[in-house]
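Record features, source Swiss-Prot:
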- 1-17: signal peptide (SIGNAL)
- Asn40: N-linked glycosylation site (CARBOHYD)
- Asn224: N-linked glycosylation site (CARBOHYD)
- Asp252: active site (ACT_SITE)
- Asn398: N-linked glycosylation site (CARBOHYD)
Amino acid sequence: MQTLFLSLLAAAVTVHAYGSGGSNWDQAYSRAKDALQKLNQTEKVGLVTGVKWMGGPCVGNTYKPESIDYPSLCLQDSPLGIRFANPVTAFPAGINAGATWDTQLLYARGAAMGAEAKGLGIHVQLGPVAGPLGKNPNGGRNWEGFSVDPYLSGVAMEKTIRGMQDSGVQACAKHWLGNEQEHYRDTISSNIGDRAAHELYVWPFMDAVKAGVASVMCSYNKVNGTWACESDALNNKLMKEELGFPGYIMSDWNAQHSTVNSAVSGLDMTMPGSDFSNPPGSIFWGSNLEAAVADGSVPQSRLDDMVTRILAAWYLVGQDQGYPPVAFSSWNGGKANVDVTADHGTVARAVARDSIVLLKNGHGTLPLRKPKSLAIVGSDAIVNPAGPNACSDRGCNNGTLAMGWGSGTAEFPYLVGPLDAIQKRAAADGTKIVPSTTDDPTAGASAAAAAETAIVFINSDSGEGYITVEGNLGDRNNLDPWHNGNELVKAVAAASKNVIVVIHSVGPIILETILAQPSVKAIVWAGLPGQESGNALVDVIYGDTTPSGKLPYTIAKQAADYGASWINAETDDFPEGLYVDYRHFDAKGIAPRYEFGYGLSYTTFKYSGLWVNMDASAGAANGQVVPGGPADLFEVVGQVSVSVRNNGRVAGAEVAQLYLGLPDSAPATPPKQLRGFQKLMLQPGQTGRATFKLTRRDLSYWDVQQQKWVVPSGTFKVYVGSSSRDIREEGSFRVRRGW
């Protein structure tokens, strides 16, 4: 089935590669500078200023100049599909895409989203998400991003951006920087140490810039005491100078706080141009910016730079070549006059399916083998009776959970609920279904007692802080299942000898109560699977596909083990530093329940033949700055490979993972860090070779004194395995000091 998908994918997504390398930016800049000469001052200001909230068909719109052939730019959410429009595809969330660990699917998802955005006339799609990274396991918007690990998140950013922009839409990497919680997000100062900032939070943005991302969105919060959208250190020095970003920085909606400071500190576009209620005096740019340039408060060169960056991004992805007009309005129900979905449901189903993580499978409970009867228990098994889009921006948790809430959502064209999909399969198998689609423990136990096997559906939701759901102001109040999920599982487990638990969640939940039930034989994490939820689940639990997802974060035994959570204060000093998620667990010697990178299969894999070839010298990266950072930072300096054999009786995909431990000469470094992965699809008895190419950056740490990436001298440890703790092969290599 996975082999078949690749051929279907070619038909599902047609892209045209415009390229995102430095030479293409050079060409785009040349054209942008020519266009700049034709614009008057008011037109220039119009290109960098939103027309105000609800001032056009999209959530963000700019003014259309008359002097050049350039549109009113349409900017639209979200990172998992098109918000406020229909019909569109509601793709699995970023956290699911990350859980696939599949670079082909990451690209395909990005390309399909980009194709839909272009078809609707959207110029800038507001995604993907690298921040929040997810240092707080209950952070409200973690699910919009790909992983708590910067390396995995960075690869996902790169592949997604390339897919989106190859389809013709401008991508927007967000939220820059330190937006790790929803509580106090409009006022909090994220005080991040220089080294932790570079090695964790900036890292995936480096990959985004290297991939040629057109735009970056600065966040609501302060960073080290200064608003992110008017931070010279963050935007000019770090993003534009150190990372060599040629594109433009836009504000998050109403994240701008000044006229002059934001302009001279590197902001290039303000959105949406006014406060949401459009009060007088809420427009910082527009005529105010024009006046500031006229009196010299903002240099003319700064305004021209803003405009050039915005125009260059437009040329970079080829939007000057027959781009379609906007085909919907966000404010009248979003009905589009064109259907852009094609067969992107194929991509959505593949991502949802291959992101499913099998956490437990005692006694070979899964896959199901035509059981005589099945109890389906829990409200999470069915679609919200009021409809999948009944709550604005998905701001409720009624029925099965397939995406979180907030601006990072999309309208479901349909939602296949788990019960519906299982009933369809059960009818073909002759299996009797005994449903209990509430969260009442007594009713659930009654249904379970009447069936051979019971499947209990539980969930945990979160989202953006402008919506509060069941007392959760964006961030989750705790890491427990919602709707009394633990009690529901306990009741069902007391009534049935064979219980399977399916989890739809935005992030980790504490599973100790569930694991304490002897009759809970299998646990499946399905995340936020989007419109194809039920179909993808059936593909896996019935064995049509072997599960191949791996956790993009750690599941702890207790919430306190994470050492981080959102704080009820307006200052977060990021005391954990580099030690986030598995880095923290490893350094502190804390045993997780399920570690980062973990995921079971219906088959087994044997690793052998580790090979290491390295040609690196110690020292700092000093190359010319290119998009992403110093050019020599991205040079390949070595290679690691390992053989993986499928020892089982069914085909399966294994994610081989490479972790590196830096030498003792590197100060205060986590024991190991992810630095490579490859997903191998293997038939029974087949052996494949996973190969990991290592760059100087992969071997480096950020030296706060030198203000450079430095490869330390000494012995590096090499760990290759099936997860961050299931290490199958170990080795080492030595790096000597350069001359």
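Counting begins at 1 with the first residue displayed.
Cβ coordinates come from backbone N, Cα and C, glycine included.
Here the features listed in Swiss-Prot are placed on the structure.
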| residue | record | DSSP (3 states) |
| --- | --- | --- |
| Asn40 | N-linked glycosylation site | coil |
| Asn224 | N-linked glycosylation site | coil |
| Asp252 | active site | coil |
| Asn398 | N-linked glycosylation site | coil |
Alpha-carbon distance [Asn224 (N-linked glycosylation site); Asn40 (N-linked glycosylation site)] in Å:
37
From the Cα of Asn224 (N-linked glycosylation site) across to the Cα of Asp252 (active site), what is the distance in angstrom?
18
State which of the following glycosylation sites has the fewest other Cβ atoms within 10 Å around its Cβ: Asn40, Asn224, Asn398.
Asn40
Around the Cβ of Asp252 (active site), the count of other Cβ atoms that are within 10 Å:
22
Distance from Asn398 (N-linked glycosylation site) back to Asn224 (N-linked glycosylation site), taken between C-alpha atoms, in Å
39
